[in-house]
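Engineer: These came from TrEMBL, pasted as-is:
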| type | residues | note |
| --- | --- | --- |
| ACT_SITE | Glu207 | active site, proton donor |
| ACT_SITE | Glu287 | active site, nucleophile |
| DOMAIN | 60-374 | domain 'Glycoside hydrolase 35 catalytic' |
| DOMAIN | 409-515 | domain 'Beta-galactosidase 1-like first all-beta' |
| DOMAIN | 544-605 | domain 'Beta-galactosidase galactose-binding' |
Amino acid sequence: MFVETALRATAVQHLAAFSFSFSLPAPCCILSYLLLHVCHTISLNVAGRSFGIDYDSNCFVKDGKPFRYISGSIHYSRVPSYYWKDRLLKMKMAGLDAIQTYVPWNYHEPQMGTYDFFGGKDLEYFLQLANDTGLLVILRAGPYICAEWDMGGLPAWLLEKKSVVLRSSDSDYLEAVERWMSVLLPKMRPYLYQNGGPIIMVQVENEYGSYFACDYNYLRFLLKLFRLHLGDEVVLFTTDGASQFHLKCGALQGLYATVDFAPGGNVTAAFLAQRNSEPKGPLVNSEFYTGWLDHWGHRHSVVPAQTIAKTLNEILACGANVNLYMFIGGTNFAYWNGANMPYMPQPTSYDYDAPLSEAGDLTEKYFALREVIGMQLPEGLIPPTTPKFAYGKVCLQKFINLLGFFLFFSQYFGYVLYRTTLPKNCVEPTPLSSPLNGVHDRAYVSVNGVPQGILERDKSLKINITGQAGANLDILVENMGRVNFGRYNNDFKGLVSNLTLAQDILVGWEIYPLDIDGAVNSDFFYLLDHPKRSAVKALSYEVPAFYTGTLSIPGGIPDLPQDTYVNFPGWTKGQIWINGFNLGRYWPARGPQLTLYVPRNVLVASVPNNITVLELERSPCSTQACEIEFVDEPNINATLQHETDKPPLFVRELSMKHL
Ligand SMILES: *[C@@H]1O[C@H](CO)[C@@H](O)[C@H](O)[C@H]1NC(C)=O
Ligand SMILES: *[C@@H]1O[C@H](CO)[C@@H](O)[C@H](O)[C@H]1NC(C)=O
Ligand SMILES: *[C@@H]1O[C@H](CO)[C@@H](O)[C@H](O)[C@H]1NC(C)=O
Ligand SMILES: *[C@@H]1O[C@H](CO)[C@@H](O)[C@H](O)[C@H]1NC(C)=O
Ligand SMILES: *[C@@H]1O[C@H](CO)[C@@H](O)[C@H](O)[C@H]1NC(C)=O
Ligand SMILES: *[C@@H]1O[C@H](CO)[C@@H](O)[C@H](O)[C@H]1NC(C)=O
């Protein structure tokens, strides 16, 4: 997924949903004659299973026969494992041959040398389920994935070497990649198609031609590393924007070059770009966009089903292979969202306006695309949309101010407190500013516990504060997600440049990383007494604070718990946990997402469910009802006072020269 496509996607949204008929033969692209003659057969390997490329006949060959796939993207990291089977079956029933998934490195190696493949991270179980469902797998193994995922899947600990050049021949980077791949790829090898598993192809880099480094030695290193672990037979590939510009640095001899492009454009021209790099071989669109991503503060993206169906028809009429990105987008739980530049973090929902909604619901788009895929629909029933339940309102109580409750831990996600003292009296409002735009990404400022305002990367670089000399100046800095695309991928968090108070540089900081998830998951947290509610005058800002409450699932109703959505009437911005599970960020004050998806697997019916809300800015509790509400419908498309795209504070760098 890459930023410049946003421009195209926006164009797509503005296209009228012009009429066309499914029954009309789609205009076939000029390359199709290359594909119409019968592909040659190649001999089977020893195991009787083979997958490869027939360059003479411009097609893939599976078990000796010509093969074309229609695939859909699902990220196992964005769907609760409880629902993997349901979503895969819905994809199968849409007529797909294959699924495509990314492997987010930072999800599996949270600390250097510590690996996690358990529970919701059990990739092998996911692959097994795909195979059991009769779906092939296109594995995008990284190391870099983009994907609107924190730092494009690269672990933040790589930044401990400040000068690291990610996605290049930087020796520390390569060493980390080599170590990680020596853990991941041996696990994948038994799941390769020729070894009896579902994986037909493995991607080694992602849209590398959109990155500034253009380091062929790095691509050669990856090629060699993947061959070492996976053998010579598996098809290794790359994906790039469909233009010569992108393929120039993204493609490498020995890695099959595929392209990605949006609906509504010129399919022939797009595949001609692929033909520049691969004069022969199958045509492949590895990311055909079924919708588009969102950013906080911007309109929810919608792409009409008809636009997608029309271009999909054209792609299929070329005999090309295609992956629908996304088929189900899912959710950026916890802190996993990424961001684009100028700094725009993505919201918790990754619904993507995809054929299956964030919650796996069957949509109109699902049925429209299923009709296009048409000829190869499997027998059987489509699993129904799962029911949603409106559990209603839950009262919360203010529990404790964040700053009164420290638990420290070295960490890469969440919140860090910076504390110093005011060097002088600020009786009059005095500007506190970040002249070099070094607040990464949002800072909640208070003086001796009195909230002063918010600094925000690329948006708000100066506020006024007041206070006495010697007072504690507390700056709680939120990491809102690391940049996942382009040159700014090295996205350091915290205060990355000096703050000034009037003319003076502030010094003498104490820095406290706050292990909030650890705290929320400790019993101690819930056993503390709630303070008495006191009358507080309504301020425009309050200091960050925890609110807690419980949700009991009603008895006497069959099949509960069910999925639900949580709404935040009167709340501003923060994070919510249910039974310790971090559901993600809420930010109704900015939108477009108002409700968060709550999958049923985080709820229990036997005992009350513990809810913890960390409100960073302002709760409704001093002026209105102190409650959140569980509803049975999502709202991720609110039209608030959306920002028009303001010119960025930064001059765009040369890496963006193709924009
Ligand atoms: C995957 O499914 C195929 C049948 O489609 C089966 O032959 C093969 O043994 C399965 N592989 C695994 C690892 O379960
Ligand atoms: C699409 O691109 C092809 C190849 O560049 C060109 O020949 C054709 O005229 C284009 N079609 C349209 C409708 O622009
Ligand atoms: C800060 O206070 C000064 C003096 O009261 C005022 O002129 C200025 O607009 C304020 N700046 C901000 C960012 O609020
Ligand atoms: C920040 O301020 C300190 C103290 O004045 C100074 O030593 C340092 O060079 C400054 N850093 C930057 C990046 O300007
Ligand atoms: C809620 O928290 C209490 C106190 O820590 C704990 O005993 C209980 O098991 C928790 N409930 C759930 C559903 O986790
Ligand atoms: C949001 O989506 C719902 C459901 O598709 C639709 O009914 C509603 O009109 C949309 N609202 C806005 C403001 O676009």
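Cβ from N, Cα, C; glycine included.
No curator has checked TrEMBL annotations; they are predicted automatically.
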Engineer: Work out the three-state DSSP category of Glu207 (active site, proton donor).
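Structural biologist: Glu207 (active site, proton donor) sits in coil per DSSP, no helix or strand.
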Engineer: Counting each residue once, how many in the domain 'Beta-galactosidase 1-like first all-beta' (409-515) are helix, strand and coil under DSSP?
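Structural biologist: Here the numbers are 3 helix, 56 strand, 48 coil.
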Engineer: Other than its own, how many Cβ atoms are within 10 Å of the Cβ belonging to Glu287 (active site, nucleophile)?
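Structural biologist: Neighbour count, Cβ to Cβ under the 10 Å cut-off: 28.
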Engineer: In whole Å, note down how far the CA of the residue listed as 'active site, proton donor' lies from the CA of the residue listed as 'active site, nucleophile'.
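Structural biologist: Rounded to the nearest whole number, the Cα-Cα distance is 11 Å.
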Engineer: How does the model score the domain 'Beta-galactosidase 1-like first all-beta' (409-515) in terms of mean pLDDT?
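Structural biologist: Summing pLDDT over the domain 'Beta-galactosidase 1-like first all-beta' (409-515) and dividing by its length gives 94.
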Engineer: Return one of helix, strand or coil for the residue listed as 'active site, nucleophile', based on DSSP.
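Structural biologist: In the DSSP reduction, the residue listed as 'active site, nucleophile' maps to strand.
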Engineer: Quick one: give me the count of other CB atoms within 10 A of the CB of the residue listed as 'active site, proton donor'.
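Structural biologist: So the number of other Cβ atoms within 10 Å of the residue listed as 'active site, proton donor' is 26.
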Engineer: Give the residue counts of the domain 'Beta-galactosidase galactose-binding' (544-605) per reduced DSSP state, in the order helix, strand, coil.
Structural biologist: 3 helix, 26 strand, 33 coil
